[in-house]
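Following: one structure in structure tokens, then a few remarks.
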């Protein structure tokens, strides 16, 4: 267990929180992180590519010329692959690129990504945002007070409408909850800003 500073939205220290080393201070497994990122990117692919084979191309139902006696090569349809306008051989068809990763590997990838951010000083814990209404100006001020870089992943314990609406128009800022936390978002951000309650929830889920 290690202590992490908990900051207020004005940048001052509010206290500290003790978090498990098994979640936030392990030796990052880069291979597992790489596999998790590949899995997510594969799942994001649409896979709607499609071409027509010889049976799907319109026309070509009639034999272009008789089988024998013309001196030309035998042909059965003008929609065969060797003809202009013919079907495509072994072309791409709609498919899903997603695949599965064992649960233990997924959890290890998340712990590794979080630990990597902690090692790189890209992990900040805040007590709470306490926004009473959606205000982009107020949220921008919070990021400035905490001296965070431009690309920030904000993690809340559950959906916070005020935080989401306040941050959605700020370039480089992404909002997620503990249940939506993933390796691609963590590694893409320069810094992770997480509430104390969310950090405890992550520890509970991944610990």
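Each Cβ is built from the backbone N, Cα and C atoms, and glycine gets one as well.
Among the features that Swiss-Prot reports, region 'Disordered' is placed at 48-75. With DSSP classes pooled into helix, strand and coil, the tally for the region 'Disordered' (48-75) is 0 helix, 0 strand, 28 coil.
As annotated by Swiss-Prot, compositional bias 'Basic residues' applies to 60-71. Listed by sequence, the residues of this chain that lie at least six past the ends of the compositional bias 'Basic residues' (60-71) yet keep a Cβ under 8 A from its Cβ atoms are 54, 77-80, 86.
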